Amino acid sequence: STLRLAGGRSRCEGRVEMEQAGAWGTVCDDAWDLADADVVCRQLRCGRAVRVHGGAAFGRGSGPILRDEVGCEGHEEHLWDCPAAPEHDCSHKEDAGVVCSEHQEWRLSGGRDGCAVRVEVFFRGTWSTVCDSTWYKLEASVLCRTLGCGEPLRQLSFGHTLPGKMLYQCESQQPSLADCQWTYNKSAPCHQSQAVGVVCNGTGP
């Protein structure tokens, strides 16, 4: 068997899909909880579960519904090691999903349209600011494009007022900041940094 997350913004977020007998299928959200999701996240090397979703939050899957009433305790190595109901009474509108701690998503907060001002990253269950010490035009361009906001116009500085600090260093135009080098909550590289802000030239998708 194999496992994957589909329909999310990174490989560590999405609808839970597993492969059985050569076909990919989904998991029903009946009794789907953090213990079950933790097993999925750990199996995918995505950390732990920070959010659990039912109701096809990441879109409806297709193929067979392979698990229902999943009952992991949380320590299992694979999702298929957990007890589950042999029969199901579900449809794909009940497909289960998860957001794992190693998933990164971004927002620009404080602007009118989601395409301006303070850069914030959701990572390991909390929103954090981003240090400006290694933030240049390239990093800003990666972010603006990822958010569907065009290209960066200018950079601004703010105080760090959230619990965490993230630092990014891109060598080239990557699909997202998570594909660049990053460091989380290491004080040395962020020493005396400000929280970065960006104004992109677009107005959002």
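Backbone N, Cα and C define each Cβ position, glycine as well.
What TrEMBL says about this protein:
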DOMAIN    3-101  domain 'SRCR'
DISULFID  CYS72-CYS82  disulfide bond
DOMAIN    106-201  domain 'SRCR'
DISULFID  CYS170-CYS180  disulfide bond
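Proximity of CYS170 (disulfide bond) to non-local residues of its own chain (separation of 6 or more, Cβ distance below 8 Å) is seen for LEU138, GLU139, VAL142, LEU177, CYS180, GLN181, given in sequence order. Mean model confidence of the domain 'SRCR' (3-101) amounts to 96 (pLDDT, 0 to 100 scale). Under DSSP, the residues of the domain 'SRCR' (3-101) split into helix, strand and coil as follows: 16 helix, 32 strand, 51 coil. Cβ neighbours of CYS82 (disulfide bond) (same chain, under 8 Å, six or more residues apart in sequence): ASP36, VAL39, VAL70, GLY71, CYS72, GLU73, GLU76. Each of the disulfide-bonded residues CYS72, CYS180 was scored by the other Cβ atoms within 10 Å of its Cβ; the lowest score goes to CYS180.
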